[in-house]
Amino acid sequence: MKTSVICFLVFLSTVNGFSFFAEKIPNGEFVPHPCKPNFLWKGVGHKNKDGGGERNQFGRDFLNFGKIWSESLCRMDSDGDGKSNGEELGDPNCVWREGDIPQFMTGITHPGVCDPMNATICLEKNTWVDCSLESFQCQALRDDPDIKNMTLTFPKTPVPVEETNYYCMAFEFPQDGDYHMIATEPIIDNIHVMHHILLFGCTKKPPISTTEPQHCGMGLGDCLDVIGGWTVGATGECLHKDIGFRLGQHGYSYGILQFHWNNPLKRSDYVDGSGLMIHYTPNKRIADAGVLVIGQNFFEIPPQQEEVHVTGRCNNLALNGPINITRAINHMHYLGRKMTIEHFRGEDETEYITNEPDYSYDSPKFYSFSNPIVFKPGDTLKTTCVFKSTGKKKTVFYGDGTNDEMCLGFLTYYPKQNIQSPFCVSLKDIDQMQLFTSEEYKSCRHWDFLLSLTEEMRHLKNQVIENCQPLRGCLSECQSIVKLVKRHPCITEDVGSWIKNAALFSLDQRVNRTEMETFYLGLSSCDVWFESHKNDDNSSNNGSQLTLSLFLYLFHTMYFFVTIMF
């Protein structure tokens with residue numbers, strides 16, 4: 001045990017050391033791998049992409065210049081490909097100093113690897129570069145003679161000229177009996193655009209095409225169960241020997257394959273036909289598997305911060321009995337540096353399900369447990385994500401795009417039927433599980449408010465909609481209504497944020513988006529007026545500021561209406 005701890009500490013200090021040196025060169029933490037798209041080369045000065053061991057030529061030059069970024073090092077061409085080190089790292093004028101934001105943050109290349117890789121001048125220089133990918137290994141596929149497989153792939157499809165794209169296509173699973181899906185294997189056609197793949201299970205035919213991919217959001221109606229997936233760096237998934245995802249007559253009859261394409265250069269010539277190969281067997285295992293999603297989905301990361309901590313808690317998971325956790329994976333994007341998932345039973349007992357002090361998006365770590373972790377009713381899960389934004393100029397938010405961030409954990413468990421809902425993700429300090437499974441939260445009947453289910457809620461919204469006209473500014477009849485409505489428990493505190501977020505961004509067709517947008521716009525039409533009257537003694541001094549704020553407000557309001565109309 002002592003030896004393991006010492007080895008871990010040595011490893012951790014080594015990881016931190018490479019991070020320290022990466023900060024001493026421009027874009028040092030975001031240098032791409034020259035032949036593995038979407039991978040980063042963490043140890044820029046070493047031949048090993050993760051750092052350590054023999055230095056490459058740039059590493060030797062960096063050492064010779066005292067391990068600092070100088071104009072001389074910047075103007076050198078360490079890898080001999082015709083581009084200076086500064087040009088490759090986004091500092092072509094050699095003006096960057098430690099702690100600065102580089103002049104360029106896109107189009108970065110490796111200063112120690114001759115590029116392009118296949119150029120005649122580079123072939124002999126790059127013989128040491130490892131471009132191979134790990135192969136998928138799953139013993140169960142060799143041990144079960146009745147294994148079948150099914151290939152789920154998109155037809156060759158043009159990738160839209162947008163940075164972030166979500167596309168979906170449905171597939172019918174075998175219906176001649178019941179099977180357990182025990183493994184998935186990625187089929188990656190265009191690694192340049194593929195960010196991740198998720199496979200959702202459906203118990204009935206979904207309203208998604210089975211013949212061609214279509215644009216889709218993160219929400220997929222009734223198909224909420226994640227049963228497979230892939231992310232950069234993963235080779236596939238091989239389930240615990242006792243479990244499988246049930247397909248067929250008494251399980252999932254359809255699956256939806258969801259792609260996240262990332263096209264930051266907005267190229268128009270990309271096409272993709274990726275997918276997954278699923279492996280399933282009629283020899284059903286002991287239990288049906290499920291995937292529980294936990295974490296936090298409302299946060300912001302200010303720019304130029306060494307560490308930003310984000311937490312989410314799963315306190316009231318609706319269980320029908322204990323569950324057994326067999327595998328866990330952390331998920332953040334490129335600003336993620338550390339992540340843990342902790343299991344609490346009462347206040348005294350705690351254990352780490354994941355503990356990843358060296359998180360790297362392109363090198364996912366899968367925590368597998370041959371002896372599953374038992375999670376009982378009343379237990380708690382805590383997710384902690386640590387982000388580093390020293391290279392960012394603007395605030396980064398939670399979101400679906402590659403340049404947004406996430407803080408999620410995916411836990412594979414059994415038996416599936418012991419969890420009523422597979423999501424236990426926080427929104428700020430809100431227990432979303434309690435929101436989803438109750439009619440009232442902190443004196444707010446949130447479903448009645450969101451869906452206008454009662455006369456009281458309809459009257460409340462209509463009062464604002466009928467008396468507030470945003471394009472005309474803050475009307476006197478609007479002031480008294482808004483003052484009253486803003487005290488309502490469904491408007492105040494975090495629950496108000498949850499309802500507003502659900503109202504404006506939910507794909508749930510029961511939500512009247514037009515009504516809710518008009519209501520919230522009317523509700524905000526007197527914000528400037530209320531702000532200016534907080535202290536009447538200062539109101540005269542705020543006149544010019546109020547006029548400017550009102551002008552900006554009316555401008556954005558007019559823009560909103562023009563956007564809706566046209």
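Placed from the backbone N, Cα and C atoms, the Cβ positions cover glycine too.
These features come from TrEMBL:
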DOMAIN    16-113  domain 'Temptin Cys/Cys disulfide'
DOMAIN    151-267  domain 'Copper type II ascorbate-dependent monooxygenase N-terminal'
DOMAIN    288-430  domain 'Copper type II ascorbate-dependent monooxygenase C-terminal'
SIGNAL    1-17  signal peptide
Arithmetic mean of per-residue pLDDT over the domain 'Copper type II ascorbate-dependent monooxygenase N-terminal' (151-267):
92
Helix, strand, coil residue numbers for the domain 'Copper type II ascorbate-dependent monooxygenase N-terminal' (151-267) per DSSP?
0 helix, 60 strand, 57 coil
Helix, strand and coil residues within the domain 'Copper type II ascorbate-dependent monooxygenase C-terminal' (288-430) as assigned by DSSP:
3 helix, 82 strand, 58 coil
